[in-house]
Amino acid sequence: MNSGYSANIFPSSSSPTLYQSHQLQPNPSATMYQATPRDMGKPPVRGKTSPYGFFVKMCYEEHKKKYPNENVQVTEISKKCSEKWKTMVDDEKRRFYELAQKDAERYQAEVSVAAYGGEDAMRKRKRAKKDPHAPKRALSAFFFYSQDKRPEIQAGHPDWKVGQVAQELGKMWKLVPQETKDMYEQKAQADKDRYADEMRNYKAEMQKMSGMDHYDDDNIHHVVHVEDINSQNIS
């Protein structure tokens, strides 16, 4: 990454220059997605990295690059990074906040997929749990938007995984004009009304068939879409 910024945070005897072009690698100190018993055996989701975390990572990598045979003094470098960070102005820190924002979007998309074991697992769960006679779940405005735009993204990026496509859709949704969002909100409201009507009829039929006095929503299996999870944080 060409940051266009350099700073000396080490003693003059070494004076390595920070932020020269190099590729970021996964942060080994980043927090990991906490797996539940259902998640066992799935690849963990790497946690979000803070702006300061990206800054410190660059300090370490640049020092290691310039002095590969030198034992890294963690305490000393951490101290120098902290001192330098406190003196940096907002313009100098902005790039690290941008990296953190992108990483947060990556994390959100990966957690959404991991929560359901990936796209294949979601399809299997849908086949296994959905009552074929139950009404189709109401879709969100973001989901309707995703239905329209996903083919374009997949055509332009055929190698992208489902998480990457979801992340791009989230970015696009944030930039959609309010007039366009209102159109999709109207679609979502109409679908919500349709679902409510169908669910009332469905419950009535189930009561007749089973002789139950009541039928709880907990007894009805719904299909949950990744886009619905993303839209909770995006809308």
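Placement of Cβ uses the backbone N, Cα and C atoms for every residue, glycine included.
Since the structure is predicted, the reported quantities are computational estimates derived from the model, not experimental observations.
Annotated in Swiss-Prot:
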- 47-117: DNA-binding region (DNA_BIND)
- 135-203: DNA-binding region (DNA_BIND)
- 1-34: compositional bias 'Polar residues' (COMPBIAS)
- 1-47: region 'Disordered' (REGION)
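If you average pLDDT over the DNA-binding region (135-203) in this model, you get 91.
When the DNA-binding region (47-117) is classified with DSSP, helix, strand and coil residues number 55 helix, 0 strand, 16 coil.
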